[in-house]
């Protein structure tokens, strides 16, 4: 309002100076003052008009709903005041305008009304502002008090945390033994909480047993003293204090004159307040896989405070102290559970160690038994293999006789093939492996020999025998003839083994498969090398019409073994449900017969070749000597490597070739022979029963052996190897 009066005064001054100017006074000073008033009024009007904008901005940023009318009044007052000063600026420029005078008068009148209303509103608002300020001061005082209380609480929490960490560290660093854990807990609790005594009561093994004092610690003078146990009587689980402590996880302050408090202090009456808390006694059986194990029994920890100085009253348990005791009790429960787990683990470790020692002893016994079985098995196989070598060698000489009748030659060939099969089965048992060796062989000759042996088996079993051999079968095929012979004899034996009486007839059927049969491929139209043929072998038992006795169950173990061999030969084998017929289908690669005949060379003849034979087995030595003599050689035999070295070391011996049949000792004997000056260029041939591989060939090259013959020694193989060695 003062500003309005100033504006009115300015108008009067303007009129005064205008009148003065009209009187002829200085116009420059008057114009300067008027210009200054214009600028001032314009700035005042701009300031007044900006105030509503600021009020609206702050009203949008904050919740000012209770002051809405006051803000509107202040905004109207500022707008009208600014309008008054703005009109004053124009009035200075046009002093005689009646419109400006009317507008200025209306603006001043409205400004007067609004300013009066604003003044009245401020009278009611100022006490509210004072009360808000007082409330703010009160809240600030409360906040400062809360900060002080929060700081005190934080300091208490930090102190509690330090005590708990210290006690937890002491508990966890103590030996993992239940008695050591409890003693460490009592000792450090007494030091941290200034206790007079501590005691631990534990129940018996059975539920409902009395509680017995198992640990007690009393502080006399400067340090803790262990109290002798045994003088305190047990406490019944029905005691009110025991029931109250057992019912809650929190620490409880015992009532004065409590039996539990009195018994825990021993002969000394506790001078301070007594508190107790339960401790879960967890066992391994409580950890059943759940998240929280349930304790089967609880112990009670009793703590008695130390009294204050004389005349100052007794100490009491605070909530802070009880919280510390509760946290420490939880840590003790965890430590005791760890101790229980460790104790159970140690006991289990001892049991497992004892079982491990027993298992190692049993394993050692089993290994010794296995070694014994393997040694016996190797000895048995070797004992059976050596006569078989001799039989195969003799049969190779018998089969070369030209004056044999066809039936005699068939019997000799069948015996030779059966001996070869027996030797292959013994090698399978010894090496515990099954191998397939595919070579060209005469399929028709194999069938005749197999039928001969099967007929003998049927005759021995009192059954008849018949077979059908298809004429379209090829003569030469590629495959493992020993395994095929084995399968045929096994099929005949299995079918004959199903009979319970002597009636019936064993029948063989061998034919090539057609394209529409099971798992078969058609025969190649031209029997050239590289084509395949599928042959079906079927063995069946044809029973008499009057026989009605059911057959026995088939021997599944032998059938499974045969099926494994058939699988290795890419064939198929199945038997009828009654076990009286077995069908075998094998695939063979065709081989030209003229190629096979051209590759089979005749037996060479060595005219007077002087050979020294070293063989430790008497029967094998005699058979090998006969084979060499059959080849036209002059043979002198010795029974050991030492005799061989002694004979070769003599000056009068003149041998052209040495045949060593000493198994693995042949390499050592050959090395010693190469050390003799007069025998460095002697031809050496070794006969071995092991499979010849790269390692054996390297040993032969290192020891100076010129040739190798794998047992059994036959007339054809021996002649071919000697011819190869002499030619090289």
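Each residue, glycine too, has its Cβ placed from N, Cα and C.
Pulled from TrEMBL, these are the features on record:
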- 42-62: transmembrane segment (TRANSMEM)
- 69-90: transmembrane segment (TRANSMEM)
- 85: Cu cation binding site (BINDING)
- 610-726: domain 'Response regulatory' (DOMAIN)
- 661: 4-aspartylphosphate (MOD_RES)
- 711: ubiquitin cross-link (CROSSLNK)
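According to DSSP, the domain 'Response regulatory' (610-726) comprises 58 helix, 27 strand, 32 coil. The domain 'Response regulatory' (610-726) scores a mean pLDDT of 84 in the predicted structure. Beyond the transmembrane segment (69-90), the same-chain residues lying 6 or more positions past its ends with a Cβ under 8 Å from any Cβ of the stretch are 3-4, 7, 10-11, 37-38, 41-42, 44-49, 51-52, 55-56, 59, 97, 100, 103-104, 107-108, 110-111, 114-115, 117-118, 121-122, 125.
Here the C-alpha separation of residue 711 (ubiquitin cross-link) and residue 661 (4-aspartylphosphate) works out to 9 Å.
Sequence-distant contacts of residue 661 (4-aspartylphosphate), defined as residues of its own chain at least six apart whose C-beta falls under 8 angstroms from its C-beta, comprise 613, 614, 615, 616, 617, 620, 621, 624, 686, 687, 713. Ranked by how many other Cβ atoms sit within 10 Å of their Cβ, the recorded positions 85, 711 place 711 at the bottom.
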